[in-house]
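Copied over from Swiss-Prot, here are the features:
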{"type": "TRANSMEM", "residues": "2-22", "note": "transmembrane segment"}
{"type": "TRANSMEM", "residues": "54-74", "note": "transmembrane segment"}
{"type": "TRANSMEM", "residues": "81-101", "note": "transmembrane segment"}
{"type": "TRANSMEM", "residues": "120-140", "note": "transmembrane segment"}
{"type": "TRANSMEM", "residues": "162-182", "note": "transmembrane segment"}
Amino acid sequence: MMIIVMLILSYLIGAFPSGLIIGKLFFKKDIRQYGSGNTGATNSFRVLGRPAGFIVTFLDIFKGFITVFFPLWFSVHADGVISTFFTNGLIVGLFAILGHVYPIYLKFNGGKAVATSAGVVLGVNPILLLILAIIFFSVLKIFKYVSLSSIIAAISCVIGSIIIHDYILLAVSGIVSIILIIRHKSNIVRIFKGEEPKIKWM
C-alpha cells in the first residue's frame, strides 16, 4: 500500500505545473497561450524571460530529483521482485516524469520531460547527468535546437545504459526517449522544414 502512495505522490509532484504557476503569479500570463503552448522550461524561457525560465527549470529539475529519494524516506518494505522494482529510485522518478508530461491538473497536457528527467538522473547518477549535459550543450552549440539536443541526449542515455548493463535505466531512458520524440514531433517536423526557431544565446 505504501508503495502505491509513494508512486502516486511522485506523479502528483511531477504534475505540478511550475511554468504555468510562475507565469500566472508574476507575469499574469498563461504560457499555454504563447510560444509553443507548452508549460515546460523551454517555453518559459521564451515567454517569461531568462530569470523566470531559470526558476522554472530549477523547479522542474527539483521535482524529478526529490522523488528519487522517496524509497529512502518512506517506510517501504520490498519483499519481492515486483515491490523491489517499484521501489527503485529510477522507477519512482519515472512517475514524476509522467506527471510532468501528463499532469492531471492540466487535462494531461504538460511539459516535454527534459528538465524533470534531468532531475531524476541527477538523483540517481550525477556523473551520468554531467555526461548527458555535455552532449546536450555540444549539440545545442552546433545546431541551436533545444528539441534536437534533448532527443540526442535522451538517446545517448539509452546507449549508455546498454554499455553499463543497467537494464532498469535502459527501460526508463527508453520510455523517456519515446515520450520525448512524441512530445517533440512538431519540433522535428519544423526542423526538417527549416521553420524551427534556433536559440540565440549560444
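Placed from the backbone N, Cα and C atoms, the Cβ positions cover glycine too.
What you are looking at is a predicted structure, and each value in this text was computed from that prediction instead of being measured.
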Report, as numbers and ranges, every residue of the chain located at least six residues beyond the transmembrane segment (2-22) whose Cβ falls under 8 Å of a Cβ in that stretch; write 'none' if there are none.
30-32, 38-41, 43-44, 48, 52, 55-56, 59-60, 63-64, 66-67, 70-71, 74-78, 83, 86-87, 92-93, 95-100, 102-106, 110-111, 116
Cβ under 8 Å to the transmembrane segment (120-140), counting only same-chain residues 6 or more beyond its ends: which ones?
61, 64-69, 89-90, 93-94, 96-97, 146, 148-150, 152-153, 156-157, 160, 169, 172, 199, 202
